[in-house]
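Let me begin by presenting the structure, written as structure tokens, before commenting on it.
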Amino acid sequence: MARYVFITGGVVSSLGKGIAAAALGALLQSRGYRVRLRKLDPYLNVDPGTMSPTQHGEVFVTDDGAETDLDLGHYERFTGRSATKTDNITTGRIYKNIIDKERRGDYLGATVQVIPHVTNEIKDFVTEGNDDYDFVICEIGGTVGDIEAMPFMEAIRQLGNDLPRGTAIYVHLTLMPYIPAAGELKTKPTQHSVKELQALGIHPDILLVRADREIPEAERRKLSLFCNVRPSAVIQALDVANIYDVPIAYHNEGLDSEVLAAFGIEPAPKPRLEQWEEVCNRIRTPEGEVTIAIVGKYTGLKDAYKSLIEALHHGGFANRVKVKLEWIESEVFEKEDPTPYLEKVNGILVPGGFGERGSEGKIMAAQFARERNVPYFGICFGMQMAVVEAARHLAGIENASSTEFGPTAEPVVGLMTEWVKGNELEKRSTKGDLGGTMRLGAYKAALKKDTKIAEIYGTTDISERHRHRYEVNVDYKDRLEECGLVFSGMSPDGVLPETVEYPDHPWFIGVQYHPELKSRPLDPHPLFASFVEAAVEQSRLV
């Protein structure tokens, strides 16, 4: 029977509930338990797929094609377990499900209300499909007191009574700010946050208290007294230098032991943390440093590239080097010469994106990398712009462009109108909805033998996650290959280009998919490990 850990947040947002949930999952896994992580998001969007990256951050795509919250990326990276569409739900999805049921007549004429219909829908989501797991860690988005989160708080309160006794606990993540004028940490914000949580009928079993310095024992006892939790259940969550330090830091503070004790699991199995210790050691003792330029269009919010950032660091772990990121807004190159920005970097990465803004700057970045023999990694839109650059400057197709930007005489990149998903044919048109209509999730690709990318993977059959609406036009394949750009990977039916590369370049690879979504600190993605390795070689030439 699964046990449930509900993680809530208080005082302020962005305290790191996702990291806390992921770290706890990793710690329980290290003790031999089977763990599942789920996220409840209070916003009214059906999913984050159509939300601005500068508001929401990255959209994390699962193997089964769900567009989800970026916290699911943390869950996957810390536990190694691939998430699914059933691991993330929003208020919008819940209400959509309920309205669909009401229209079908499933409620038999009943008045549909928040209680019980909305709360029941939430409870069903939380509890379904958990027979194969020992623990289900469920993160509730937002902050206690948010009006959007009220149905979720009520649902998890009810679950505390619905589930068998001793199978559900509540962990409250809160903040203990330091006031310089007073020279001390303050407990009052946490007290008020817990008071508000208790007013909703939820009594936390464990307090996970964020702070930027050691919490004195007297303050811990004070929190224990006023918040009605055991002294040992007041766990300090101090700031750390790297997120991959968090599992061991929380273990040293006793979080996983306290969770198991709250469930009455004593004595608990010993944790095996050797792999995490090795990762932390590589982070602390790098043998070198490389600089990677990320030429993007959402650089104002780094969370828009969360998985990408982590995957680059994983590549650094694999090569025992520190990866320094140089963020460049691609529009800058449309006004200024890119040379001063790029001549000292060891690698250039152009990530995914949407729309015409900044596209010419990305094309210029690809041209610089090709002509100067700088390692180049183009992902999704970054591959498309590299192909447009080749079409213009190598194949002589001056008007080469993408139909995403408007009508063009040379549609080197165009809207995908159909593709095979499983055994079915998916179709799209320019007049279709935006939400959930891209080529989403894991698709297989066939790599050409004796290419660099096949050598990197060590196989010619791969499966990677996609999120795109436009694709390189296969009709231009022969003309581009005559100019030296090799289409080194295609969809199994040979219709959709998946990867391109220049054989005579030190490292120039474009991929239509998003390999960053499958990279793990304990298992770096081979493309990122190889890209950083190429950057290390480049650093020796500069």
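Yeah, the Cβs are placed from backbone N, Cα and C, and that goes for glycine too.
The record from Swiss-Prot ties Ser14, Leu15, Gly16, Lys17, Gly18, Ile19 to ATP, and of the options Asp69, Asp71, Asp87 it ties Asp71 to that site too.
Between the candidates Ser13, Ser30, Ser330, Swiss-Prot assigns the CTP site shared with Asp146, Ile147, Glu148, Lys186, Thr187, Lys188, Pro189, Thr190, Gln191, Lys222 to Ser13. The L-glutamine site in Swiss-Prot is built from Phe381, Gly382, Met383, Gln384, Glu404, Arg469 plus one of Gly316, Gly347, Gly353, namely Gly353. Reduced to three states, the DSSP call for Thr190 (UTP binding site) is helix. Largest Cα to Cα distance within the recorded ATP binders Ser14, Leu15, Gly16, Lys17, Gly18, Ile19, Asp71: about 12 Å as a whole number. Between Gly353 (L-glutamine binding site) and Glu139 (Mg(2+) binding site), the C-alpha separation comes to 28 Å. The record gives Ser14, Leu15, Gly16, Lys17, Gly18, Ile19, Asp71 for ATP. Within 8 Å of the mean position of their Cβ atoms, the other Cβ atoms in that chain belong to Gly9, Ala20, Ala21, His74, Glu139, Leu173. With Gly353, Phe381, Gly382, Met383, Gln384, Glu404, Arg469 listed as the residues that bind L-glutamine, the site has a largest C-alpha separation of 14 Å.
Note on Asp71 (ATP binding site): other Cβ atoms within 10 Å of its Cβ, all shown chains, come to 27. Predicted-model confidence for the domain 'Glutamine amidotransferase type-1' (291-541) is 91, expressed as mean pLDDT.
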